[in-house]
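Annotated features in TrEMBL:
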- SER66: active site, phosphoserine intermediate (ACT_SITE)
- GLU373, ALA374, ASN375, ARG501, PRO502, SER503, GLY504, THR505, ARG510: substrate binding site (BINDING)
- 56-90: domain 'Alpha-D-phosphohexomutase alpha/beta/alpha' (DOMAIN)
- 99-177: domain 'Alpha-D-phosphohexomutase alpha/beta/alpha' (DOMAIN)
- 294-440: domain 'Phosphoacetylglucosamine mutase AMG1' (DOMAIN)
Amino acid sequence: MGLDASRLIKAASGFPLPPGIHFSYGTAGFRADGSILDCVVFRAGIVAALRSLNTGSTIGLMITASHNPIQDNGVKIADPNGDMLSQEWEPFAESLANESNLENVVQVVEDFMQKNGVFKVSASSGKVLLARDTRPSGGRLLDAAKQGVEAIAGVSAEVIGVLTTPQLHWMVRATNRGVGASEHDYYSQISSGFKCIVDMIPMRKNLASPSELVIVDGANGVGAMKLSGLQAIIPNVQLNVRNCGSEGGILNELVGADYVQKERKFPQNFGHASDLTKIQKSEDAEGITLRLLDGDKILTLLAIFIQKHLQELRSEVHWLSSVNFGVVQTAYANGASTKFLKENLGVEVVLTPTGVKHLHHKAAQYDIGIYFEANGHGTVLFKEEFFAVLTKTAPSEFRTEAAYKAARLLLAISDVVNQAIGDAFSVLFLVESALQYMNWTIQDWDAIYKDLPSRQLKVKVQDRAVLRTTNSETKVTHPQGLQSAIDMEVAKVTCGRAFVRPSGTEDVVRVYAEAATQDEADCLARGVAIHVHNLAQGVGLPP
């Protein structure tokens, strides 16, 4: 089977490339203002179609820009296992997205196919699942993606409609595993796993009420409308969803996880006195103080929860004694969390560059791997071989009831989590089940360790490519002299740590700093930002 060039050119002619713009494939795909993305999304459809033929599997394509403002949009491609597009295909996707000549578009595709043997092991037909979030430009871009997919002979495009990004990734994985892959199946799997964990909670005299109120920020986006599907089938948690977009709220404007994590502020419609079931009053000021339990705290809670039951298995079932368990973080992880994981739990911790694709790949190397970014993106992965052993081991083969229960609980956890990609829905219910099982309050969870104060800044630069890093983005190699300047600033404060990295989507250098006090962290961040501005061709005034 070969490429139908005339078919491809005819379809591509309807989606000209905007002049004077270069599109970069960032940490999770392409993102830009939604008004200029038609061509890029069309060509991403081509990439997804070729990937489907090459792997003989269903591929996913999602129209979304995640935490970006409502006017932006983007496109992500999900591989057969539900994870991100293979990094080996990213240069091809970027090259194809930026080719201005239609004849050359065909040549770029043919060269890649020949070089990588795309059709040597390919199927005769393929399928791409398409979905979008609620952004106004989503419908138009979804149609562009559909036409891109169908420009490749033998590949069909199945439009699912409006979904969260993790739901689409989950559906791709489930489809290729030959199990139920509908939206209802997604809700049912999370629900059954959650109910199983709750049913195994040890009997206690002081057990809290099984009906737990959780106030959720819907960020005026797709998550708000989709949470109702879970609420209907999980009776143990009551959801109070705010910022649903129905009262004039704008997607990601003063709302959303990214806003809260970076600005350290409540989202709109939060922080009232009636919210005190989840947050505490400040002892030294009127009103309510924000206590943020971010991705680091989520990761640590889940590490404690999983390790407890894994240790039970290791000690009682000899063939599980060698199961390896690891945690994956980025340089953005608060130093206090990394120290707790290593010194208090004795868990192996490794760092990767920023981006879910890097974390996911590393976590998949463990029998049980947990990864989370500080912003809350993350999940738990179970290696297929380990999962199969737990599933096939008969109850009689466990020497103790405790070991059998630990195995059942780990299997239930694997149902709650979305092993395709980080998923706020599954994480929400896994956290709630862990807290209920361990009989912890929010305050107990928050007290695991005390975060080191931190500060993040952005420095606008002429070209972010001038900044290069190494050691999982913790050290700068270019421009020369910048790393030594950073080290000099770090030495001025107590418990200091700082790093810089180029943005994946804009000409900005991101600065992270932490220290023993907030004043020191702020001072360190400003000092590093000034050096970045001076040495990396900063634009305008330094922050």
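Placed from the backbone N, Cα and C atoms, the Cβ positions cover glycine too.
Under 8 Å, Cβ to Cβ, and six or more positions away along its own chain, GLU373 (substrate binding site) finds GLY295, GLN329, THR330, TYR332, ALA333, THR354, VAL356, LEU359.
Residue counts for the domain 'Phosphoacetylglucosamine mutase AMG1' (294-440) under DSSP (helix as H, G, I; strand as E, B; rest coil) come to 86 helix, 19 strand, 42 coil. Under 8 Å, Cβ to Cβ, and six or more positions away along its own chain, PRO502 (substrate binding site) finds ARG464, ALA465, LEU467, THR469, VAL508, VAL509, ARG510. Sequence-remote contacts of a segment are chain residues at least 6 beyond its ends whose Cβ falls under 8 Å from one of its Cβ atoms, and for the domain 'Alpha-D-phosphohexomutase alpha/beta/alpha' (56-90) they are 25, 28-35, 37, 40-41, 44-45, 47-49, 116, 121-123, 126-133, 135-138, 141-142, 145, 149, 163, 165, 168-176, 250-253, 256-259, 356-357, 360-361, 364, 375, 419-421. Taking Cβ-Cβ distances under 8 Å and a sequence separation of 6 or more, the neighbours of ASN375 (substrate binding site) in its chain are HIS67, ALA257, ASP258, GLN261, LYS262, ASP294, GLY295, TYR332. Cα-Cα distance from GLY504 (substrate binding site) to the residue listed as 'active site, phosphoserine intermediate': 14 Å (rounded to the nearest whole number).
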